[in-house]
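> I am attaching a structure below and will ask some questions about it afterwards.
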Number of protein chains: 2
Amino acid sequence: MQRFCTLAFVLGLILMVFGLTYIFPIATSLYFDDGMTNHFLRGMSINIGAGGILAASTMRFRGDLKTRDGYLLVAFFWLLMASAATLPLLWGIPGLSFTDAFFETMSGFTTTGATVLVGLDQLAPSLNLWRHELNWIGGLGIIVLAVAILPLLGVGGMQLYKAEIPGPVKDSKITPRITQTARLLWLVYVGYTLLCIICLYLAGMGWLDAICHAFSTLSLGGFSSHDASIGYYNSPAIELVITIFMLLSGMNFATHYTALHHASIKPYFLDPEAIPMLGLVAGSILLCAFYIWHFDVFPDFFTGLRYVSFNTVSVATGTGYSSTDYAKWPAFIPWLILFLSGIVPCTGSTGGGIKMFRALLLWKQAGRELFSILHPRAVNPVRIGNTPIANQIIFAVLAFIFLYFISVVVMTFTLMFTGMDPVTAISAVMACINNTGPGMGSVGPAANYAHLNDFQTWICAITMLLGRLEVFTLVVLFTPAFWRK
Amino acid sequence: MQRFCTLAFVLGLILMVFGLTYIFPIATSLYFDDGMTNHFLRGMSINIGAGGILAASTMRFRGDLKTRDGYLLVAFFWLLMASAATLPLLWGIPGLSFTDAFFETMSGFTTTGATVLVGLDQLAPSLNLWRHELNWIGGLGIIVLAVAILPLLGVGGMQLYKAEIPGPVKDSKITPRITQTARLLWLVYVGYTLLCIICLYLAGMGWLDAICHAFSTLSLGGFSSHDASIGYYNSPAIELVITIFMLLSGMNFATHYTALHHASIKPYFLDPEAIPMLGLVAGSILLCAFYIWHFDVFPDFFTGLRYVSFNTVSVATGTGYSSTDYAKWPAFIPWLILFLSGIVPCTGSTGGGIKMFRALLLWKQAGRELFSILHPRAVNPVRIGNTPIANQIIFAVLAFIFLYFISVVVMTFTLMFTGMDPVTAISAVMACINNTGPGMGSVGPAANYAHLNDFQTWICAITMLLGRLEVFTLVVLFTPAFWRK
Ligand SMILES: [K+]
Ligand SMILES: [K+]
């Protein structure tokens, strides 16, 4: 019982703090006089009130959070936040169902960036800011999840990253570690966000758009305040700024912290993921640029390169902006970049999917196995950087990939079972589980998820959360072993 | 040098023996007077002649085949046989390119059963028999591959099956083991084929069709002498006979042998794959039958059940017959059964794909990992039946699946790169790597592979061989480690 009280206490506190963030849409609503002020004020009161009651009523029964409570904490964190955040949308957008509102907020918090709303350009500015803020807050949560919680839980080989950030915490209490790690990395995240806002403003965006898009860039969320996404601006400068910040956000924030702390770029070379990630993205851009040049989609090579670069970085990092309807390009490119979104984002970034380190580890393990069927007795450990990786971690990574793959298959067939066409189904699942956003077919970059029926919408929302919590964290809650004493 | 001479000697002998099998199409051609006799006689002479020269010229330099030569043996076996078998097709079908002929024979030998020929009903009877015979001979090769060679090579965890068939061979010499194992299992294969011929005849097929379809049923090849495949007969009796024999052929022939040897059905229950395989197929049939009933595709439930049963067993076992154009059914069913073809066939069957035992092992490993993130210190070995499986084998299986998955991704993107649409590309790759045959889109059950361009045709042919040789066996030939002393 005590663990549930502790959990409820922490969640109550989080809800209260979350309530404070309503201040930004309130200010926006007041400034633009868009009539949403009361909705946000009401939402704020309910959040702070409900959070306060939850925290106050469980306070005297609380203890320390133990490792295993981490699973419940993160699952309920995302579910609770997404539910709470629906209120302003439900009040502000007449006719919006709870299913669609929940999809939108879950898409926000998981930084998926898929939307069920049409007519974003006509949406009240404060509601648009709200959507982008959800992206940004989701990013805050993901950094903590990736750098502090998952390594502690040992999900999918993340125990590799246990000692990444130096700290005094050696026992299994989860709270101090979160606090300390969060402080350092959030500083980087906030700093980069401010920098991105300024750059976007200088590149020609208005202040509100600059804030909104900086929020969804740093979080790799990919929400936009325009139906045409970044294509709305048709500005190479804006595309360049966003491209750079998407690449930065696709890297490990711990590496950014170390690099800034030591004022050195060496940490990027020591990071086993950064260079392969940049290399893979650069190689894919070149390949696609020549490919699209061959098909004469754009008047010249460099125009093609511009569009290929932006959309490749956007989709491959799992952001999901588009600067044109790339689904109309020869199918090889959109499918390649959608596939890349599963492996390009690095651990400790705000991206999703399998992640670069697991893809690297898997690749090396396959090579080791190829070698070992020729030399069965040779000892040949898998290394990432210079570190030999224990079999236990390789197993965890392989199991993660397998569970991820099962999830893709099961969710795709579930969507097809509801009558969805195969192209839309598989791409929607890839786009949701990788927290990318736009898929192909009827959920492509020029379309959205609005036409899905309720059941399909819920399946997609669950898939986003599944991807965000690295599958295991959520699936483990449904095992009897978890609930046994 | 000696190893290559030994290899050439063995391949020469095989080519000579293969030459003898031209006797069947020659007899057919004489009987039906279809004008192909000379083509087959010429092919026979060239096969026996070339094989004889190869064997005679390398005979005095030959030694024993070593384990590692197994990789070269199987790769060259399939390549050489497929090349040799093109001759009658090239002579007998005016205008057929070598690419298409090679695709057809490779499809035959790998028991994929995909075809580039249109107008099968009008094809000379001897040429149709020839195609089916390739299926059947391919099946002979696969049984040896699966039960004698791959376990010895230790490919993809197949070392598990090393001691399956008792025998006196304990050293690394490959020849005696092949001979001995082959004799026992081929006996079962030949016996079942004869039984299947008789049953098909009794069910209403003519003798030639019965022979042809027994050949492509037992081998799970799926070639048919009719463009409409088994739909041509519209006969529940024929469908029932074929369904039963497809299920039998999807099981381990070593289990059949043991069951027949002891006149007991107990071996099927001891076989860790047989029951899960039958259960998975039965469950899928039920699910699909109710699903298609809901969509009112057929006038009543039992008509639907009949069509669903046949096509599900056909595709899931990797045979690839069709009794109707199931691609027109709600997409969930054709994609599900195509996916199943990757996991339904058992080890030691004539089917392809990942195979049932690897799917089971993977499933259990994921469960173990799920348990172990909660109990990191608990020892909890994966078991298949009652046997605990060594980590080394689990690694080999996981690496196999990963390499298989990489192959699917690389081949799919390669096909899409050539401009093929995503649905056709992914389904063609799945159908080829699982040795199933028909895919979806423009390579669906009512269509064929004739419209592919040469490059696409080669990619598909390579994918078939890749799947048939369980990926590793072929890929290892391209590693420097293989060619090092
Ligand atoms: K995204
Ligand atoms: K087949």
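Placed from the backbone N, Cα and C atoms, the Cβ positions cover glycine too.
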> Quick check: of A:Asn38, A:Asn434, A:Asn435, which does TrEMBL put in the same K(+) site as A:Thr111, A:Thr112, A:Leu220, A:Gly221, A:Thr319?
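Looking through A:Asn38, A:Asn434, A:Asn435, the residue TrEMBL assigns to the K(+) site is A:Asn435.
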> In sequence order, which residues at least six apart in the same chain have a CB under 8 Å from the CB of A:Thr111 (K(+) binding site)?
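Same-chain residues close to A:Thr111 (K(+) binding site) (Cβ under 8 Å, separated by 6 or more) are A:Asn135, A:Gly138, A:Gly139, A:Ile142, A:Ser216, A:Ser219, A:Leu220, A:Gly221, A:Gly222, A:Gly318, A:Thr350, A:Gly352, A:Asn435, A:Arg468.
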> Which residues of the same chain, at least 6 positions away in sequence, have a Cβ lying under 8 Å from the Cβ of A:Thr319 (K(+) binding site)?
A:Gly113, A:Ser216, A:Thr217, A:Leu220, A:Gly221, A:Gly222, A:Met246, A:Ser249, A:Val313, A:Thr436, A:Gly437
> Could you tell me which of these binding-site residues, A:Thr112, A:Asn435, has the greatest number of Cβ atoms within 10 Å of its own Cβ?
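Compared across A:Thr112, A:Asn435, the most Cβ atoms within 10 Å surround A:Thr112.
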> Would you kindly check A:7-27, A:136-161, A:237-254, A:274-293 and say which stretch has the most C-beta pairs under 8 angstroms to the transmembrane segment (A:71-93)?
A:7-27
> Which are the residues of the chain, A:Thr111, A:Thr112, A:Leu220, A:Gly221, A:Thr319, A:Asn435 excluded, whose CB is within 8 A of where the CB atoms of the K(+) site average out, their centroid?
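After dropping the recorded site residues, what remains is A:Thr110, A:Gly113, A:Asn135, A:Gly138, A:Ser216, A:Ser219, A:Gly222, A:Gly318, A:Gly320, A:Thr350, A:Gly351, A:Gly352, A:Thr436, A:Gly437.
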> Looking only at the recorded stretches A:182-203, A:237-254, A:332-354, A:393-417, A:455-483, which one has the largest tally of CB-CB distances under 8 Å to the transmembrane segment (A:274-293)?
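By Cβ pairs under 8 Å, A:332-354 leads among A:182-203, A:237-254, A:332-354, A:393-417, A:455-483.
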> Are there residues at least 6 beyond the ends of the transmembrane segment (A:393-417) whose Cβ is under 8 Å from a Cβ of it, and what are they?
154-157, 159-160, 354, 358, 361-362, 365, 382, 424-426, 428-430, 432-433, 456, 459-460, 462-463, 466-467, 470-472, 475
> Validating a neighbour-count step here. Other CB atoms within 10 A of the CB of A:Leu220 (K(+) binding site): how many?
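Other Cβ atoms within 10 Å of A:Leu220 (K(+) binding site): 32.
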